[in-house]
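Engineer: Sharing a structure below in structure tokens format, with a few things to ask.
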Amino acid sequence: MFLPSTTNHSSAPLQKHLCLFCTFWALLFGSHGDNSVQEDFAESMLLFFADAEGYFAACTTDTTMNSSLSEPLYVPVKFHDLPSEKPESTNIDTEKTPKKSRVRFSNIMEIRQLPSSHALEAKLSRMSYPVKEQESILKTVGKLTATQVAKISFFFCFVWFLANLSYQEALSDTQVAIVNILSSTSGLFTLILAAVFPSNSGDRFTLSKLLAVILSIGGVVLVNLSGSEKSAGRNTIGSIWSLAGAMLYAVYIVMIKRKVDREDKLDIPMFFGFVGLFNLLLLWPGFFLLHYTGFEDFEFPNKVVLMCIIINGLIGTVLSEFLWLWGCFLTSSLIGTLALSLTIPLSIIADMCMQKVQFSWLFFAGAIPVFFSFFIVTLLCHYNNWDPVMVGIRRIFAFICRKHRIQRVPEDSEQCESLISMHSVSQEDGAS
């Protein structure tokens, strides 16, 4: 980085050179002109360069430049383009040829450094530190502040609360199997919303992703049919609550990924901390509203219920939501949504291992598509929205609609005609 020096020099050497310069031009014009012209020219030149000297002196003593730049460092220059020493045979020839005048440069260069606050990009591009330190600086620069995280949490706390409320209300009104089946449609809502409001290139809608989501929903249906118990208390309101919860979960994950594009920009524990704080401050009047309207009686829980609430809140809400949101940022919103459907066959497998519960073949027929669809979507997102189903359909369509080539049929001997050669015709004409 070559910058001019900003140190204050005395003006005497500059004035001396200016006087010599003006005298030279005066003598030059003196041989062809009048002495008055010489004196006027010398005075005008002195005034011009005096003003220029004052201008450059003001620029070099600029306080802003001195405050932003570091102290000058003088380093000797190494000219790499100098010709190497030639052999003795060539020296004899060069002595005979006259030497040409060369432009000479200073052997010392002045280097000054900008502070990191003024040139962060330049510092990052020229860093010689380990990669970890560079990543930490990038994360610090691009991280959202506490105020920005609080604004995002304030918007999403209501969506998060309504999604959990819908799911719990569906469990209280409908069978668990119906709730799980309808909640698995969250993957379909996520696929559609992510295509309408994409956060990155991995949210593009493809036919392969749609078939994978349908495969996951079909697997969840078979799994729940294998362990469902027939009961007459099916309620349509519970199904509506399940669909509402699935849609709200899709809105929640798609919109938060659109607001925050990278996982290192958002402090996830701070985000959920603000969500819990806003729910505590804004939604506590709902206890008295539900109590006095008669929808639900408000009573303080006993020790067992309170312990279950605390454990469920720490593991089932805080830890699971944290890991789930982090995984959605690292992969995609669709992968995170389909991962929730894996809890159904995994919980049934845990019952089989711990409580020795027996299930029919429908469970195994439904668990395989659920796992298979999850890995299919993972591969499709990994390979840059690869759509093998659409590629296969296009190839089949091109094969069916291709133009048939006209093949030549072997001709019969009766359809062949021997043409008279020109040589025989010329001989007959000569004989005649």
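Cβ coordinates come from backbone N, Cα and C, glycine included.
I grabbed these lines from Swiss-Prot:
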- 1-33: signal peptide (SIGNAL)
- S116: phosphoserine (MOD_RES)
- 152-172: transmembrane segment (TRANSMEM)
- 161-225: domain 'EamA' (DOMAIN)
- 177-197: transmembrane segment (TRANSMEM)
- 205-225: transmembrane segment (TRANSMEM)
- 236-256: transmembrane segment (TRANSMEM)
- 270-290: transmembrane segment (TRANSMEM)
- 304-324: transmembrane segment (TRANSMEM)
- 329-349: transmembrane segment (TRANSMEM)
- 361-381: transmembrane segment (TRANSMEM)
Engineer: Counting only pairs at least 6 apart in sequence, do the transmembrane segment (177-197) and the transmembrane segment (304-324) share 3+ Cβ pairs under 8 Å?
Structural biologist: no
Engineer: Taking the transmembrane segment (205-225) as the reference, which of 152-172, 270-290, 329-349, 361-381 gives the largest number of Cβ pairs under 8 angstroms?
Structural biologist: 361-381
Engineer: Between the stretches 152-172, 236-256, 270-290, which one has more Cβ pairs under 8 Å with the transmembrane segment (304-324) than any other?
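Structural biologist: Most Cβ pairs under 8 Å with the transmembrane segment (304-324) come from 270-290.
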Engineer: Restricting to the same chain and to residues at least six past its boundaries, which positions have a Cβ under 8 Å from a Cβ of the transmembrane segment (329-349)?
Structural biologist: 180, 183-184, 186-187, 190-191, 194, 199-200, 202-203, 209, 212-213, 216, 219-220, 223-224, 227, 249-250, 253-254, 257, 260, 262-263, 266, 357, 359, 363, 366-367, 370-371, 373-374, 377-378, 381
